[in-house]
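Data block below; observations after.
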Amino acid sequence: MTTALDNAGTNPAHDAIGTDRAGHEPLWRALLRLARPKQWSKSAFVAVGPFFGGATATVELGAVLMAMIAFALASSGCYVINDLRDADADRLHPRKRRRPIASGRVTPSTARAFAAALWILGACCVAAIVPMLGTTHAFALGGLLGLYVLNVTSYSLRLKRVPVLDVISLALGFVLRVLGGCAAVGITPSTWLLNVTLFLAMFLAFGKRLGERRTLGIDATAARSVQSVYTDELLRMMVVVTAVAMLLTYAGYVQDQESRFVWVFGDRSLGLGDAPRLGMNLLWLTMLPAMFAVLRCIILLERGEFDDPTELATRDRQFQLSALVFAALTASLVLWAGPAHGPTAANQSGIGPDGQQSESVMVDED
């Protein structure tokens, strides 16, 4: 006996948005959906490095904005190529079958032209940085953007079918976003920042694969071929391992930044002779919402309520609240503490613009 669900995917108009009215969807709207504008929020990673590095000048903010738009457009172009490759498999997925190419709303030739246009616009955004901060920043950003497109394209063509490498490739996409933002304003990202980004992205990717197995069951392999290698137990372990690595790495960053974010309570001492005055590293407070959000995500994935951890950002109130608290605390503390002290990307060795060794380095050597 054939049901409406069995026939889903055979009627392009129905699959576009789940109703027969999709046949009247304008092409521009289908192209907009194909670009996945909801995924542009991932470009926020571009601003993380400049934010923590104290890049607040108007010209720097403009460069960061251009870098964010460039990565958003480049990622949309990559999504189009991915959907072209996965059109047949997407038609078997309960949610992905509604994508414009899989549902037949956008033809392959139109999709290819659209991808090329998105990449060209992204390159224009990179070029816009030249009059702001010079060619060095633009070339560095352009190179990283090119590596990003190469990485995502490699994922679509091959790496998505290789266990573990599929997740590492996805995680590198986030790391390249962070590096791109830093390159746009000429600062060097900390190793802590890169590691937290890597483990966070791996946690989300492994969580998505676990969520798919929970919601799709035996159909998970049909929707994603690499699922034939992954098992529930293996994915559970990888989700936990990357979550722990992420939290421990962030805890290390919090400890490393103690001198910057410490708040001393008056002039009271601990009564231990030369011990430091009574105070607290306020950045430690951000550990609480971060830990809650990660554990909340694991619980919901284990229940099978979501097949993608990123859906929690728009659908789970507790996760949204914890993310909001974390963002508000972090932003407030960074603004309160001011830019990070120490040598900048252009002054890693402590050498001043006049070629002389900086005073702080000379004092340390004495």
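Backbone N, Cα and C define each Cβ position, glycine as well.
Quick caveat, the model's predicted, so the values are computed rather than measured.
Checking TrEMBL for transmembrane segment across the ranges 32-47, 192-207 points to 192-207. Cβ atoms under 8 Å from those of the transmembrane segment (234-253) belong to residues 167, 190, 192-193, 195-196, 199-200, 202-203, 206-207, 209-210, 213, 287, 290-291, 294-295, 298, 301-302 of the same chain, restricted to positions at least 6 beyond its ends. Beyond the transmembrane segment (139-157), the same-chain residues lying 6 or more positions past its ends with a Cβ under 8 Å from any Cβ of the stretch are 67, 70-71, 74-75, 77-78, 81-82, 85-86, 119, 122-123, 126, 129, 166, 169-170, 172-173, 176-177, 179-180, 183-184, 186. Between the transmembrane segment (192-207) and the stretches 61-81, 164-186, 282-301, the greatest number of Cβ pairs separated by less than 8 Å involves 164-186.
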